[in-house]
Every structure is written in structure tokens, then in C-alpha cells.
Amino acid sequence: MNQYDVTVIGSGPGGYVAAIRCAQLGLKTALIEKYDTLGGTCLNVGCIPSKALLDSSEHYHNAHSVFQEHGIDLNDLRVNMPQMNDRKNGVVKANTDGIVYLMKKNKIDVLHGLGSFVDKTHIKIVPTNGGEEQQIETKNVIIATGSKPTVLPFISQDKERIITSTEALNIREVPKSFIVIGGGVIGLEMASIYARLGSEVTVIEYTDSLVPTMDGSIGKEMKRVLSKTGIKFMLGHKVTGATRAGDVVTVTATNPKGEEVKVEGDYCLVAVGRSPFTAGVNLEAAGIEMEERGRIKVDAHLQTNVPGIYAIGDVVRGAMLAHKAEEEGVFVAETIAGQKPHINYLLIPGVVYTWPEAAGVGYTEEQLKEEGRAYKTGNFPFRASGRARASGDLDGFVKVLADKTTDEILGVHMVGPRIADLIAEAVTAMEFRASAEDVARMSHAHPTYAEAMKEACLAATENRAIHM
Ligand code: FAD
Ligand code: NAD
């Protein structure tokens with residue numbers, strides 16, 4: 001029987017990163033994955049394919065609706081969905097092949113099949129393609145089995161017309177009409193893809209704000225800006241059912257007045273969150289305890305109640321984000337190797353890859369109010385930025401929240417062009433506990449979108465913004 005220092009179950013961004021860091025630290029490592037390709041949700045049916053389609057649909061939208069303003073005329077423009085999907089599949093393959101290369105480079109044994117506990121130190125691997133079952137012995141285990149789309153118990157999803165994000169990333173036509181249940185991150189990204197390609201898109205959201213977990217200013221601006229691309233938003237609507245008759249899906253919801261409303265479409269995407277996934281892992285055989293809502297219970301070291309067994313990523317508490325899973329993978333590998341790593345969960349940024357993009361890190365204004373903390377605000381709108389005027393990206397803002405007394409930056413929230421990358425400046429500043437004035441006094445190249453961060457910090461520092 002093969003023996004390992006560490007066995008990782010699941011090859012998503014949590015699992016494969018944990019495996020690489022374990023190998024770097026000299027630990028003999030195995031990685032178990034039930035699917036043929038590595039990379040988990042993120043690379044196969046999440047972050048990467050969604051961003052590929054967001055980029056393709058943005059090109060089409062710009063060619064269709066923006067190029068003319070720049071003095072570029074195009075005729076006979078049309079969408080070739082099979083080609084767009086083939087390109088997306090190629091992007092996914094290049095990324096998942098990259099993980100295979102990284103596993104070989106780091107001498108990690110990849111075992112394909114369903115991994116399950118026999119006991120605390122033995123794992124069984126049953127190949128899903130009918131190959132031979134094997135067992136390994138291991139000193140430590142990292143469970144990184146991820147998540148799956150949450151289902152609404154009163155909606156039966158046929159995965160053809162009433163679908164999850166996985167199918168929504170693989171539609172081979174431009175739907176005439178596309179309904180999205182849930183105005184969260186997946187809802188807005190998918191709504192953007194199909195609205196840009198020409199579908200009539202309706203987003204039905206239960207709360208009275210889009211992306212309700214982010215700073216309230218983001219949801220408001222996203223509603224205003226994305227409405228311009230034709231997306232219809234029904235906020236404060238509780239979906240009560242969805243049924244399919246032929247190629248027509250009918251969604252019923254209760255509006256804020258308590259009346260029943262109906263929306264019809266070609267497709268209905270259910271995007272109401274994701275749930276931790278542990279089916280088939282046989283956690284009971286190792287005596288692993290769970291917490292509420294199907295998550296694995298872990299302590300401050302991400303260790304379960306069983307010494308030597310850890311859990312990371314979507315299957316444990318916290319935001320369901322690829323970069324959060326990656327940080328936790330590194331954290332656990334270093335913990336197993338005897339180091340004392342640290343994760344600052346407050347500074348894990350959240351990004352929505354619509355256009356304009358939305359991003360936030362640190363405390364939201366709502367959280368600061370609730371905590372009764374004295375804070376000040378600096379705002380800078382992109383319409384006052386020379387770079388944004390040149391590109392025509394005038395929507396959005398940078399909002400900086402700083403402690404009223406010490407000026408330490410407590411939160412940064414943005415909507416705007418390329419701010420998925422700009423949020424890294426806020427993370428860096430906050431990791432070094434910078435004050436708003438610290439950032440305001442740093443030179444930012446001109447003209448750049450990043451100048452909006454400097455200006456918002458100036459605005460938070462005695463209202464000293466220069467270009468506003
Ligand atoms: P996963 O990536 O879910 O990987 C778990 C792996 O474990 C899977 O490959 C699964 O097959 C395997 N597995 C499960 N059980 C077993 C078993 N018993 N034996 C063997 N293998 C098993 N996050 C971002 O940060 N940025 C984004 O832009 C982003 N976009 C997204 C877009 C969509 C449409 C979706 C659905 C998600 C997106 N996410 C994004 C979220 C991100 O994909 C997840 O947070 C991330 O993949 C979690 O990583 P993980 O390693 O915990 O689990
Ligand atoms: P989410 O939690 O972001 O949004 C779900 C939305 O559905 C919420 O706004 C909720 O109020 C709404 N909702 C719930 N029940 C409803 C009902 N009956 N009727 C109407 N609305 C209802 O979840 P998601 O968008 O499904 O995304 C799942 C996870 O994947 C998230 O945790 C997210 O972090 C991750 N993800 C991240 C990215 C990214 O980082 N760019 C992209 C996609 C997904």
C-alpha cells in the first residue's frame with residue numbers, strides 16, 4: 001500500500017494549491033480527483049469559462065454598441081456561438097492541462113477516482129471509469145471537495161431549460177429571453193453575458209439590492225449601469241416556482257406588494273448560492289464533525305475535530321472564492337509542515353466581473369454603521385478621470401472608508417473599468433495598515449484608472465481631491 005505524508009481530496013484551487021505547497025515543503029503528497037480533468041469548479045465550470053465568455057461577449061457588445069462612437073464602422077456583425085463556446089473550451093483545457101503539468105513538476109501523485117475515508121488514516125479511491133479500486137495510507141488529509149449549486153426545493157431543474165451555472169456556460173445559441181433567479185455574483189455575470197449577446201434578460205432578486213453582501217453603494221450603481229444594457233431587474237421579488245412547457249419556462253414570484261407575478265423566457269438560470277459538497281467522502285468513517293448547512297467544522301488552524309485531518313475552501317466557513325480557497329491551501333500545508341502561517345480574512349477581496357466591474361475589500365459602510373465605528377468617506381467618480389474619459393468608461397466610483405480619528409483605511413469599494421485589478425492596491429495598502437493620506441501622497445501614473453484610488457483617498461483626507 002502506498003504511503004503519503006499528505007493526501008488531498010479534490011483538485012480545485014484549494015486542493016491543487018495545497019498539494020503544490022505541500023510538495024514544495026518536502027511532504028510526499030497525493031491528490032485525488034473524481035473527474036478526468038483537474039482544477040475543480042473554478043477551472044472547469046466556474047471562474048475560467050465564465051471569464052472567457054464575459055470577455056467574448058464584451059468584444060461583441062463593444063463592436064455592436066461602442067465602436068461607432070470611436071469612429072469604427074463594422075457591417076454584418078453576428079454572434080457565432082459554437083465558435084465562442086469552442087474558444088471557451090480551449091481556454092479551460094489550456095488551464096486544466098497547466099495543472100497536470102504543475103502536478104508532474106512537483107512530483108505529486110494524481111489519483112483519479114472518488115476518494116472516501118476507510119478510517120482516519122486510510123483512503124479508498126474508486127475510479128469513476130470502472131478501473132481498479134485502490135487504498136492508500138496517509139499521515140494527514142486535506143479535504144477540498146468544494147461546492148455545488150444550491151437547489152430551490154420547489155423548482156425541478158431539468159438542466160436543459162431550467163439550469164444551473166454549469167449549463168448556462170454551455171448554451172449553443174443566443175437565447176431570445178433569459179431569466180435569472182438571484183441577483184448575486186453568478187446572476188449578474190451570466191445576465192451580462194447574455195444581455196450583451198442580445199438576449200432579453202430579467203433578473204429576479206429576493207432582497208431589495210443586487211449583490212446584497214457587498215457594500216450597498218455597489219448594488220445601487222450596478223442596477224443603474226447594467227439597466228443601460230437592457231437587463232430588467234425585479235428586486236424584492238420572492239421566486240415561488242418555475243415550470244417548463246416545451247421550450248418556454250414560466251417563473252412565478254411574489255412582488256413587494258404580495259401579488260403573484262409571472263415571467264416567461266427560453267431559459268431560466270437558478271443562481272441562489274452554492275452549497276458545500278461532501279457526498280461520497282464517508283466523513284463518518286473518520287468521525288469528522290459537521291456544522292450547520294453542510295459545512296465541515298474546523299478550528300482556527302482549519303483542522304477538523306480529528307487531528308491530522310483538515311478542510312479548506314468552499315466546504316468550510318467563509319466566502320466561496322477561489323483565492324480564499326488558495327490561501328487556505330497554503331495555510332494548511334504550512335501548518336502541517338510546522339510553520340505558523342496567517343490569513344487575514346477581512347482582506348480577501350470580492351470581485352464581480354461585469355462591465356463595469358465591481359469590487360470591495362474590508363468593512364462595508366453598513367458594517368461600520370452597525371458596529372458604531374466613527375468613520376469618514378472619500379468618493380471619486382470615474383466620470384472625473386481623464387483615463388476614463390479617453391476610454392469612454394464613465395460609470396462607477398471609488399469609495400474609501402477610513403477611521404475618523406486615525407485615518408486608517410477600513411474598507412474600499414469600487415465600480416468601474418478594470419477595477420478587478422485595481423482592488424489589489426487597496427488590499428496592499430490595508431495589509432500594511434496604511435492611512436488614506438499615505439495612499440493620497442503616493443504618485444500614481446497619469447492617466448490611469450488607479451488615479452481614482454488616489455483621488456478617493458485625497459477626498460477622505462480633509463476633502464483634498466484635486467480633480468473634483
Ligand atoms: P472546487 O473548485 O469546487 O473543487 C472541488 C473538487 O473536488 C472538484 O473537482 C470535485 O470533483 C472534487 N471532489 C469532490 N468530492 C470528491 C471526492 N470524494 N473524491 C475526489 N474528488 C472529489 N471564484 C472566484 O474567486 N472568482 C471567480 O471569478 C469565480 N467565478 C465563478 C463562476 C462560477 C460560474 C462559479 C460556479 C463559481 C465561481 N467562483 C469564483 C467560485 C469558485 O469556483 C470556488 O470558490 C472555488 O472553485 C472553490 O474551490 P475549492 O477548491 O474549494 O473547490
Ligand atoms: P450569491 O450568494 O452571490 O447570490 C445569490 C442571490 O440569490 C442572493 O442575492 C439571494 O438574495 C438570491 N436569492 C436566494 N433565494 C432567492 C429566491 N427564492 N428568489 C430570488 N432570489 C433569491 O450566490 P451565487 O451568485 O449563486 O454564487 C455562488 C457563489 O459562487 C458565491 O459565494 C460567489 O462568491 C461565488 N462566485 C464568485 C464569483 C466571483 O468571484 N466573481 C463569480 C461567481 C460565483
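Sequential numbering from 1, following the chain as shown.
Backbone N, Cα and C atoms are what each Cβ position is placed from, and that goes for glycine too.
Any TrEMBL annotation is an automated prediction that lacks curation.
TrEMBL names Gly182, Gly183, Gly184, Val185, Ile186, Gly187, Leu188, Glu189, Glu205 as NAD(+) ligands; from the candidate set Gly113, Gly273, Gly280, Gly287, the record adds Gly273 to that same site. The FAD site in TrEMBL is built from Lys51, Thr145, Gly146, Ser147, Asp314, Met320, Leu321, Ala322, His323 plus one of Gly26, Gly115, Gly360, namely Gly115.
When Cβ neighbours within 10 Å are tallied across all protein chains shown, the highest count among the binding-site residues Thr145, Ser147 belongs to Thr145. It is 23 Å from the Cα atom of Gly184 (NAD(+) binding site) to that of Thr145 (FAD binding site). Cβ neighbour count within 10 Å across all protein chains ranks Lys51 highest among the recorded positions Lys51, His446.
Classification of Glu205 (NAD(+) binding site) by DSSP places it in coil, neither helical nor stranded.
Not one of the recorded positions Cys42, Thr145, Leu188, Ala322 has a CB under 6 Å from ligand 2.
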